[in-house]
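Taken from TrEMBL, the feature transmembrane segment covers 333-354, 386-410, 422-443, 472-493, 513-538, 566-585, 843-865, 886-913, 933-958. Marked as domain 'ABC3 transporter permease C-terminal' by TrEMBL: 336-453, 848-957.
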Amino acid sequence: MPMCCSPRMSPMASSRFWRPAALRLATRDARRHWVRTVLATLVVALPVTALVAGTALTQSGPPSRDRALEDIPDGVQAVVTATAITRDGSVFPQLPEGAPGTWIDDLEQVPASHDELAALLPEEDRLLAFWNSPTLLVTTGLNVAPGDQSEAGAGVEGVALAEVTSAVLQEAEQEALPFLLPSLSAGAAPADATEVVITTALGARLGIGVGDTLTWVAPPFNGWYSTGGRIGEVIQDSQRAYRVSGLVDDTALRGWAIDGWISAMAKADPAGVDGHWLVVGDEPVTWDIAQHLNELQAFAVSRNVLENYPSADELYPVEVDTATAVTQAATTLLTGILGAALALLLVTPAFAVSAEQSRRTLGMAAAAGAAPADLRRTLTAQGLGIGLAGGLLGVALGAAAAVTAVTVLGVGPEVADPTGRFPWKVAVAAIFVAVVVGIVATLGPARRAARLPVVDALKDLPAQSRRQSRRVITAVAGLVLLIAAAVAGAAALTGAAPSGGYVASGTVPVSSALPLAMLVLCLLLAVAGLLVTVRALLSLASRAAGRLPAVWRLAVRDAADHRSRFLPAASAVLVAVAAASFLTVTTGSSVANQRDQTGEMVAAGHLVLGVQVPVSEGFDRLVLADAIDTLADELPVTGNVAIRTTDSDGRLHLGLLPAEGAQCPDGEEPDTASATRPGTSVTCVPYERAYVPGLSVAWWGGTDVYVLDGDALRASGLSGSEEAAAVLDAGGVVVNNAARIGADGTARIAVSTERAPTEADADRIVSLDAVFLRGFAPPLTISADAAQALGIDSFEYIGEYVTTSRPLTLSEIAAARSLLDERTSLAWIGEAQNPRPWGRDDALLPILALTLLATLATAITLTLARSQGARDAATMHAVGATNGFLRQYGLVQAGVVLLTGIPLGIITGIALGTLQIEWNRRAQSGGAWLDTIPLWGVQAGIVLAVVIPALAVALIAARPPRGLVRRPTD
């Protein structure tokens, strides 16, 4: 056999020589074109950085199962809570982690006793009781000896506010306290019921330490019950003094003591007071035992159950809004798919250019005997290396960002060690995905390089061919995909319907899953159809470029000649802009939906103050006056206006009745549209979907009938407050439900001795002029004069409006909150929950990230075009092109990418976002979704945020090279 034909003469043909040679070629090309390599690595690293940092900051707190395990003290088998729910034969449907949510205690029901619970537990185990107090006052200003207990008099009202704070107290049997008490930083555990251990934060707030005396004061009961039952009512107006025996290093305001105060009062009046127990012993509390405890309306958080988690069929059915749950799951899936697609589209142009720049080198390798598979591996090796490097760099940057955010900026999970719960599994998965993306991104360029004939590879310019039939097929395929997306969208809307109820844990009804699956399919098909359509549009633009100015003609033809570089970049711009626009629509609409479900006391830029632990009107006014003085040191405060309600213990009460002819059947109320859009006919829906706005502030006390004057209403800053204030001052009322106003413009008010008057038990019904104030928290607001005219003779003070010379900025409000937190724990600040049309500024972060990705895609393609088009620039310069023309050419190249991606992206994002909101509206997924809010200002900001930086990059990238000569490597 002649030597020229012998395989041994071609080292590339032997696997023994192939791998080092392929790696050398890949490494040489990556080093030589280092800008391209760095860009590709950064493109892979950025999504990984965002994923790792985002996961660390949002999900690095322990899962609910781990949190529940941590809440079980060492040496304890289970923590049992005996609720005061009516014992009617039903069971408490607990989760292994505890209660499935809040529950409503029967104020006359005595919870399961020690003996009842012990009868269901292993005989070897013991039950040890403990008690949790509501928020109490703590003071060093009362001259009371440790261990003394008495009724709380007016003494606390005469104490200087600097000597008073609020905290919670946990009492336990002496044998149980060691299990509940954290490690001490100073002193010793309580020896008897006269001593208490407190946190260092509480000690610092009051300026006390070990050996000092303090008094815990239970204020008058404010009428609000929580999951502790009647405990606040049982211990009200009592106080007990303690000597501080030890300190626990903690930022919370709390203490621990041996039982003797709260426990004694709860034992004397047990009805409606929830019981708490530790199960101590060697025998575990199994899921079967926990279910038997559930029959007593008690639940157990057991170490054994959490470590041996029950299967789904052993758990109780859970009440869920299936539409909302499936929507969240689908959103997560869609985000993952689009994220991977974006990363792929961003990194593919780099490998496409790599294939073109290495074309002649690969051609020579093929001429030397390299097989097509060898040529593919040369590019795939780069993809593998860049994917691995990008993944590792992204994890490092993400970890650094998360640690910095936690330790420096103070955001993210509240853990002592920000790396203690670092999502290592997510980091490993991210590196794996990065490697896969790197390899997949090379498949197209590698396949084309392997199929390129050797003669064409060695040519100065390879032949370009694209059959007309392929152009037609591409255009038809794009149209078919878009039609299929429209059909899927129509099917999703047709099948969307409200859903909910009890379902087995971990399951989703088919009736909810199928419509949403069609919605997700619609979104994916629409994006895929647009990406295919872009290819067809490029072909059309290339054919029509002959009528364009020279610089545009050259730029369009350059894009058509380098499709492998241009199309992924333009597609990435389109997808990123579409996703940003889509998120903008859903964010604005979501905020509008939340506003329809939340009652506000103030608009953005305004403040309201309340008391954490109400004592009396005199004391509460002192607390808030001190808070206002504190805020006035930093803010342009001009005054304050009192907020009152009718007296919850008063002789008469007021109630807002439905308008004549607008009554709903039992269990139903007007829907959100009826309640928030005056003039809309009243539609009655089940209470779960009715308009029942929740309070945005935690008033402790009072009723839902607020007593304000016009100045107070104006201080709220709410839209329409001026008109409402005028009606209020004229003797009318303000309501937050338009369905309560009759055709004559009046509201019907029931006056009764019952606390919650209805039409049936009203002593009399009066009609007063009424005005609707959308989004206001109180259902009924009346002036003091009008209330007194109806027989109301006493009011209850609950807070203050803070008036300022101008609306405050968000940073000023945040500073005010921090200032007040440092000063006192007795007052709180209320502000608007959604101060901007998009809520809070951090809601724009995902939109900003997508906008940056679109800018990055444009920058990458321009940088690659510069490195790839040096010969074209030299040719144009040689035939007379000026430096200005070359700069203009670079700008127009950027314009071609932007004009391809931005208009289609904005239109697509708004259309798909509108479709999503319409689906939410029909499915009643988390609300009524009355309004579709595109946030046009933010949409314009997306366009500008992509265009301006892209053009700036284009100006830099379009600078003519200093030496416009032909490069030998070409």
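The backbone N, Cα and C atoms fix where each Cβ goes, and this holds for glycine too.
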Do any residues of this chain, six or more beyond the ends of the transmembrane segment (566-585), have a C-beta under 8 angstroms from a C-beta of it, and if so which?
338, 341-342, 344-346, 348-349, 352, 527, 530-531, 534-535, 538, 558-560, 838, 846-847, 850-851, 853-854, 857-858, 860-861, 896-898, 900-902, 904-906, 908-910, 912-914, 916-917, 932-935, 938-939, 942-943, 946
Chain residues in Cβ proximity to the transmembrane segment (933-958) (below 8 Å; excluding those fewer than six residues from its ends, i.e. six or more beyond):
573, 577, 580-581, 584-585, 587-589, 591-592, 837-838, 844, 847-848, 851, 854-855, 858-859, 862-863, 865-866, 886-891, 893-894, 897-898, 902, 906, 910, 913-914
Per DSSP, what is the residue count of the domain 'ABC3 transporter permease C-terminal' (848-957) in each of helix, strand and coil?
93 helix, 0 strand, 17 coil
Does the transmembrane segment (513-538) reach the transmembrane segment (886-913) with at least 3 CB pairs under 8 A, where each pair is 6 or more residues apart?
yes
Cβ contacts under 8 Å made by the transmembrane segment (422-443) with residues that lie 6+ beyond its boundaries
44-45, 48, 51-52, 55-56, 59-60, 340, 343-344, 347-348, 350-351, 379-380, 382-388, 390-392, 394-395, 398-399, 402
Checking distant contacts: for the transmembrane segment (843-865), what same-chain residues at least six beyond its ends satisfy Cβ-Cβ under 8 A?
35-36, 39, 43, 46, 50, 342, 345-346, 349-350, 353, 558, 562, 565-566, 569-570, 572-573, 576-577, 579-580, 583-584, 587, 591, 890, 893-894, 897-898, 901-902, 905, 938, 942, 945-946, 949-950, 953-954, 957-958
Other than its close neighbours in sequence, what residues sit by the transmembrane segment (886-913), given a CB gap under 8 Å and a spacing of at least six beyond its ends?
522-523, 526-527, 530, 534, 537-538, 551-552, 554-556, 558-559, 566, 569-586, 589, 854, 857-858, 861-862, 865-866, 873, 876-877, 932, 934, 939, 942-943, 946-947, 950-951, 953-955, 957-960
In this predicted model, the domain 'ABC3 transporter permease C-terminal' (848-957) has a mean pLDDT of 82
